[in-house]
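Engineer: Have a look at this one before I ask anything.
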Amino acid sequence: MRAPNFSIDEKLRILYVIEKYKDVVENKKTDALTWQEKNAAWTKITAEVNSNGSVPRTVENIKGFFENQKRSTNKKAAVEKRQLRRTGGGSTTAIVDDPTFGITMEILNKKNIYGLQNLYDGDGDDLDPGNSKVDEQTFQGAASTCEEYEDTLQGPSINSKVENSTDWGNSCPAQLQAPMNPKLAALIDRQTQKQIEVPATPSTSTSFTNKKQENTSHSRRRPSLHSSTNVARKYEEVAEKKKTLYDIQISIFRKFQEQQEEMARNYQHDLEERRKHDEKIRSLQIQKEVLDIEIKKAQLIALRKGIENE
């Protein structure tokens, strides 16, 4: 039996209930857990709609109505977009006002219907010139600030105080090419010198000091690297363990492959034996049928002779 049609009030009431659960019913995930949540949500929606309505509706009725409502909303939005982009002059086609259009658009994702609103790359006339002027003034102010800061950094000397600030709003990429502040360079040199390892042996202290004085330009910013045999030995142990593990995996794979080949050979042998057995049974059945035919012929001949003798 066909259910009664949905009235406007009933449509609005159903859509307002669906809006409460739109995060669940409009979820794009398709896993088993999401489907369970969606089915539970549709059951709650149906129960809430039937608690305030006069016509009982099933879950299938509510879901079918919502699918039809989404299709009609998409069609109406497409008609509006075509009317906005249509050429040729003349008046636009009147669109019938639907009170359910607004609430349906609140449930659906507007980006899927109207697309993303691009603020740039437009070739149309600006309907609000005030915004473009404000943007232009803001951009020019930021550019002039970057140019002034760049001129200051490229001067002969920088004696300004280094401050710890997290405000990077007035910074620009051109500042990355500016020379380093002398105070910051001296601080980095001191930290680098502390990280250099100095041997504690008294006999080599003099030679190390001389070598340090000779290679000051090389070891000033880059700490010396000392090779460690313990690290190399640990890497060798890890590599040996990996090699052993790979050998075990290869042997297991080979055994598995041999077992598979043996099973395949046994399967082929069983098939061959079964085929021979079936052929033998078939030949015996044929022989049996031939013997039955000969027996029936002999019985028929004997029956005819008996009739003739009578």
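Any Cβ shown, glycine's included, is placed from N, Cα and C.
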Engineer: Among the residue ranges 128-148, 149-169, I'd like the one that TrEMBL describes as region 'Disordered'.
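Structural biologist: Going through 128-148, 149-169 one by one, TrEMBL gives region 'Disordered' for 149-169.
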Engineer: Report the mean pLDDT of the predicted model across the domain 'Myb/SANT-like DNA-binding' (2-78), rounded to a whole number.
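Structural biologist: On average, pLDDT over the domain 'Myb/SANT-like DNA-binding' (2-78) sits at 89.
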Engineer: Going by DSSP, how much of the domain 'Myb/SANT-like DNA-binding' (2-78) is helix, how much is strand and how much is coil, in residues?
Structural biologist: 58 helix, 0 strand, 19 coil
